[in-house]
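Copied over from TrEMBL:
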- 1-392: domain 'Integrin beta subunit VWA' (DOMAIN)
- Cys134-Cys140: disulfide bond (DISULFID)
- Cys188-Cys228: disulfide bond (DISULFID)
- Cys328-Cys342: disulfide bond (DISULFID)
- Cys405-Cys417: disulfide bond (DISULFID)
- Cys414-Cys453: disulfide bond (DISULFID)
- Cys430-Cys444: disulfide bond (DISULFID)
- Cys459-Cys464: disulfide bond (DISULFID)
- Cys466-Cys481: disulfide bond (DISULFID)
- Cys483-Cys488: disulfide bond (DISULFID)
- Cys509-Cys518: disulfide bond (DISULFID)
- Cys548-Cys558: disulfide bond (DISULFID)
- Cys561-Cys564: disulfide bond (DISULFID)
- 568-657: domain 'Integrin beta subunit tail' (DOMAIN)
- 658-680: transmembrane segment (TRANSMEM)
- 681-727: domain 'Integrin beta subunit cytoplasmic' (DOMAIN)
Amino acid sequence: MGCTISMIENPRGEQVTLKNKKVTDRSKGPEKLKPEDITQIQPQKLSLTLRSGEPQSFKLTFKRAEDYPIDLYYLMDLSYSMKDDLENVKNLGTSLMLEMQKITSDFRIGFGSFVEKTVMPYISTTPAKLLNPCTGDQNCTSPFSYKNVLKLTSDGKKFNTLVGQQHISGNLDSPEGGFDAIMQVAVCGEQIGWRNVTRLLVFSTDAGFHFAGDGKLGGIVLPNDGKCHLENNVYTMSHYYDYPSIAHLVQKLSDNNIQTIFAVTEEFQPVYQELKNLIPKSAVGTLSANSSNVINLIIDAYNSLSSEVILENSKLPEGVTISYISHCKNGVVSEGENGRKCSNISIGDQVTFSISVTSKGCPKQGKPETIKIKPLGFTEEVEITLNFICDCECQKYSVKNSQDCHFGNGTNECGACRCNEGRVGKQCECSSNDVATEDMDRTCRKDNSTDICSNNGDCVCGTCECKKRDNPEERYSGQYCECDNFNCDRSGNKLCGGHGRCECKVCVCDPMWTGSACDCSLDNSTCMASNKQICNGRGICECGTCKCNDAKFQGPTCETCPTCPGVCAENKECVQCQVFGTGEKKDTCKRHCSYFKLIKVKDRDKLPQPHDSSYPVMHCKERDANDCWFYYTYAVNNNTEKEVHVVETLDCPPSPDIIPIVAGVVAGIVLIGLALLLIWKLLMIIHDRREFAKFEKEKMNAKWDTGENPIYKSAVTTVVNPKYEGK
C-alpha cells in the first residue's frame with residue numbers, strides 16, 4: 001500500500017514462564033520430602049501471547065520421581081462367590097506394606113467393599129433374606145451397596161484387623177454394583193483420605209458389572225449425579241440414583257487422578273480388557289480363584305501403569321489448537337496422538353515434550369483464557385494463560401469524525417477510515433443509499449464482464465471490497481478481487497505441493513522446484529545411481545525421478561533389469577576374445593569389444609577389491625569351452641569409463657592319466673565277470689540242493705505192493721528129519 005516501515009505495526013506473539021521449579025532429583029534415602037515438595041513436571045505455569053496463525057512452542061519436562069508416595073484403596077466384591085477370596089485378603093495389609101516398601105517409603109492402604117443395590121430384583125427383599133441373604137446354614141451379613149470400611153492409613157495391622165471382621169453377603173443376579181462403589185471412591189476424597197500423590201484403586205471381583213440404564217429394572221431412573229453420598233461410611237442413595245455410565249466414571253477418575261487396577265478372574269478377563277481400553281491409565285490383572293496372587297498382581301499392574309506417561313489437556317478455546325511431539329527414552333520421537341505419551345519409563349528417567357499452541361483468528365471478545373496440561377494419573381499440572389493479539393496499538397489513538405474521512409464521516413483508525421453508519425467507501429465518501437447505482441458498478445466489472453468484483457466482493461462506491469474468508473490465511477485480492485491465494489494447483493493434497501506460495505491463482509515456486517504445482521524437483525541427487533551416474537547412464541532425470549530410455553531397465557535409478565543377463569555374462573565373450581583369443585566373438589573382437597579399458601593382472605590377488613575402490617566393483621568367474629575358468633572384474637570408474645581387470649592365466653583342470661583309467665576299466669570288467677560267475681555258481685548249487693531234497697522226500701513217501709503170485713512155486717523144497725530133536 002506504499003506505507004513506510006515506521007508506519008507498519010507487526011505485533012509478535014511471546015511467552016513468559018511464571019513458575020519454573022526444577023523437577024526433583026534425589027535418591028531414595030533418609031531424607032523424606034512432603035508430597036507437595038516433590039516436583040515431577042516442569043514448568044508449572046506460563047503465559048502465552050498468541051497472534052493468529054503464529055504458533056508458540058515450549059518444552060515440558062517430566063521426570064518420574066524416586067520414592068514417590070502412593071495411596072492404594074482396595075475395593076472388594078463381598079458377594080457370596082468371593083468367600084474364599086476374603087480369607088486371603090484379611091492378611092493383605094502387612095504383606096502388601098512389606099512389598100510396597102521396596103518401591104516407596106510413604107505408602108497408605110484403605111479398604112472398601114460392595115455388593116449390590118438394595119432393591120429388587122438385585123437382592124431378595126423378604127425380611128429373612130434382608131437379614132441373611134445366604135441359603136442353608138451360612139451366616140452372611142445384610143446386603144449393602146458400598147461400604148468404606150477403612151480410610152487410607154499407613155497402619156497395615158489395622159487393615160488386617162478391620163478386614164478380618166468383615167463377612168460375606170449375597171445377591172440374586174450375577175453382575176454386581178461395582179460402578180456405584182467406584183464412583184463414591186472417586187468423588188469422596190475426604191472420607192477416603194486421598195492425598196495429592198499417586199492414587200491407585202484396586203477393584204477385585206469375579207463377576208461383571210451393572211452400568212447406566214440397568215437401574216430401570218429396579219424402578220430407578222434418575223441418572224447418577226456424580227456426587228458423594230456417604231453417611232457413616234455407607235452409600236445411602238443406591239436406591240435413588242442409577243448406576244453411573246462408563247463415560248461418567250472415566251471423567252471422575254480422570255478429574256481425581258485415580259489409576260484403576262481391575263483384579264478379575266480369568267472368566268471375565270475379556271470384559272474388563274474392553275473396559276480398560278475405555279478408561280485411560282488403567283490395567284487388568286488375572287486374579288486366581290482364591291485371590292492368593294493379589295500382591296504380585298498389584299505390583300505388576302503398578303509397574304505397568306507408572307512406566308507410561310500420557311499428557312492430556314483441558315478443553316481448548318474456540319479456534320485454538322495444540323500439538324505434541326514426544327522425545328522419549330533411547331531417542332524415540334513421536335508425533336500426533338503418539339506425541340502425547342512415552343512408555344518404558346523407569347524411576348529417575350526424564351523425558352521431554354515439545355508442545356505447540358496455535359490460534360486461528362481471535363476468540364470472542366479476545367479475553368484471556370486458561371488451559372491446563374497434566375500427565376494422566378498425576379496431580380501435578382501446567383497452567384497456561386492464553387492472551388490474544390486482536391487489535392493493533394494504533395487503534396488506541398483513533399480520531400473520531402476525522403476530516404480525513406470525507407468531512408468527518410468516519411473514524412481515522414490506524415491510517416484507514418472506519419465509516420459512520422450510513423456511509424461507505426474507502427474514505428466514507430459515499431452514502432450507503434447510493435452504493436448500488438449502475439455507474440458505480442461499471443467500474444467494478446473487469447473487461448466489461450457481467451460479474452461484479454469477480455463475484456468475490458462487493459462494489460462499494462465504485463471500488464471492489466473483497467469478501468473475507470473463514471480462514472484468515474485465505475484472502476481475495478486485486479482491483480476486481482480476481483486474485484486469491486488458495487486456488488492454485490495442488491500436489492499431495494498440499495497447496496503448491498508445499499514448495500511454493502500461491503499468488504493470484506498461480507504458484508510461485510521455491511528455489512529448486514518448478515511445475516504448475518511446484519511438484520517438480522530440480523535436485524538430481526535422488527536420480528544418482530550407485531555408480532555416481534545420473535540414472536545409471538540409462539535414462540534422464542525429470543522432477544527428481546528417473547525416466548529410463550530402455551523399457552527393460554527399471555527402478556528409481558534405472559539400475560534394475562530383471563530380463564538382462566548379469567554384467568559378468570554380458571561381458572564374458574569380449575573378455576575371452578581380447579585376452580585369450582577364444583570364444584564366439586574371436587573373429588569380430590576389435591569391432592564389438594572395444595567399449596571397455598582392459599587391464600591384465602598376474603593373479604586373483606591383484607584384482608581390485610570393493611573396499612579398496614571409491615566406486616562399485618563386480619567380481620566375475622566364467623568358464624570357457626575347454627572347461628577352464630577365467631577371473632575378471634567389471635567397474636565404471638569415477639570418470640564414467642568402463643574398466644575390466646583380467647587374470648591373464650586360465651585356471652584349467654589337470655588332464656586325466658590314461659594308464660590308470662584303462663587299468664581300472666580292465667580290472668573292473670574282470671572283477672565284474674568273476675562276480676557274475678560266482679553268483680551263477682552259487683545259484684546253481686542252491687538249485688541242485690533243492691532238487692536233491694525234493695527227490696529224497698519223494699523216495700521216502702513211495703509205497704510198494706508186497707502181495708505173492710498165486711502160480712509161483714518156489715524151487716526149494718524143505719524136508720524135516722523126523723528123528724531130529726534139536727540137539
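Glycine too: its Cβ is placed from the backbone N, Cα and C atoms.
When the Cα of Cys444 (disulfide bond) is compared against those of the disulfide-bonded residues Cys453, Cys483, Cys509, Cys518, Cys561, the shortest separation belongs to Cys453. When the Cα atoms are compared, Cys464 (disulfide bond) and Cys342 (disulfide bond) turn out to be 54 Å apart.
Cα-Cα distance from Cys518 (disulfide bond) to Cys342 (disulfide bond): 37 Å (rounded to the nearest whole number). Its Cβ placed at the centre, Cys430 (disulfide bond) has 22 other Cβ atoms within 10 Å. Cα of Cys509 (disulfide bond) to Cα of Cys561 (disulfide bond): a distance of 35 Å.
Each of the disulfide-bonded residues Cys228, Cys342 was scored by the other Cβ atoms within 10 Å of its Cβ; the lowest score goes to Cys228. Across the domain 'Integrin beta subunit tail' (568-657), DSSP helix (H, G, I), strand (E, B) and coil residues number 23 helix, 27 strand, 40 coil.
A Cα-Cα distance of 11 Å separates Cys405 (disulfide bond) from Cys430 (disulfide bond). In this structure, Cys561 is the one among the disulfide-bonded residues Cys188, Cys328, Cys459, Cys481, Cys561 with the smallest number of other Cβ atoms inside 10 Å of its Cβ.
Put simply, Cys488 is the one of the disulfide-bonded residues Cys134, Cys228, Cys488 whose Cα lies nearest to the Cα of Cys561 (disulfide bond). When the disulfide-bonded residues Cys140, Cys342, Cys466, Cys483, Cys548 are compared by Cα distance to Cys414 (disulfide bond), the shortest distance belongs to Cys466. Just so you know, the Cβ of Cys548 (disulfide bond) picks up 19 other Cβ atoms within 10 Å once every protein chain is counted.
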